[in-house]
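Lifted from Swiss-Prot, the feature list:
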- 62-63, ARG67, 129-130, ARG140, LYS157, ASP159, ILE167, 170-175, ALA194, GLN229: NAD(+) binding site (BINDING)
- ASP62: active site, proton acceptor (ACT_SITE)
Amino acid sequence: MKIAFVIRKDCSRCARIAESIIDLLPKDWEIIYDHEAAKFLNSKGLDISQISADVIITIGGDGTVLRTLQMAKGPVLGINMGGLGFLTELEVDEVGSAIFKLIKGQYRITESMKLKVEINGDRVEDCTNEAVVHTERIARIRQFKIYIDGHFLSTMKSDGIIVATPIGSSSYSSSAGGPLLLPTLKGMVISYLAPYSSRLKPVVVTSDSTVEIKIAGRDQECILILDGQREYTVRSGDTVRISRSENSARFLSFRESVYDRIRDKVIKHVVN
């Protein structure tokens, strides 16, 4: 078994947790690290893009998970050192018992859809949570034209548009008023940031749909943001095309069902 560790930048506590996990793993398992973990553990590290493993253990928050899913190859087991940590599987106090389950093979691998993103036909990185087209500055409303499967949907004014996967619907899209989609669903949700008209409501489309966002108006500049990680400048006349990717995000899970994650990561936090 080959295990990789990816940790949050400049997090010495994350490195100590990685070290404690390594002490629990069988001695014949191969261990590799990203540069950040290696820096604290006095070992040789790899760029995340070079990491390929049977299990990739991330220690940090959702940002660490998303960065890993974007570049590394292998199912991710996330340990939460951040806030809500919807994409993470474990809290720190659950690590010990979970590692014993990992050693015994008592886990399952789940898959979630990713989004394929193109700018004027040129493909950029896939994303796991959402693609956001946003104005270049806060509170600068812009005009967008939205097409679904080549059919014109609407011209709208807003601060931006979010296209999210089911697993990403609990994140930025949710804060913009979008619905929560179960991760088992195959679809995308289109939601709006500060729309000019309150009558504009989020739209859910099937996963085999293609969503196109055209930057309308004259001399307009916006930013395309993927998973809060990568940014691209788009301008008037440019088209951002979003569809389901042939790639998927893989997670290692000890939970019996997806509903456990919804309950533990979303509902409990809302109720409490």
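Each Cβ is built from the backbone N, Cα and C atoms, and glycine gets one as well.
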>> Helix, strand or coil for LYS157 (NAD(+) binding site)? Use DSSP.
In response: strand
>> For ASP62, ASN129, SER173, ALA194, listed as binding-site residues, tell me which one has the smallest number of other Cβ atoms within 10 Å.
In response: ALA194
>> With Cβ-Cβ distance below 8 Å and at least 6 positions apart along the chain, what are the contacts of LYS157 (NAD(+) binding site)? List them in sequence order.
In response: ILE141, ARG142, GLN143, PHE144, PRO195, TYR196, SER197
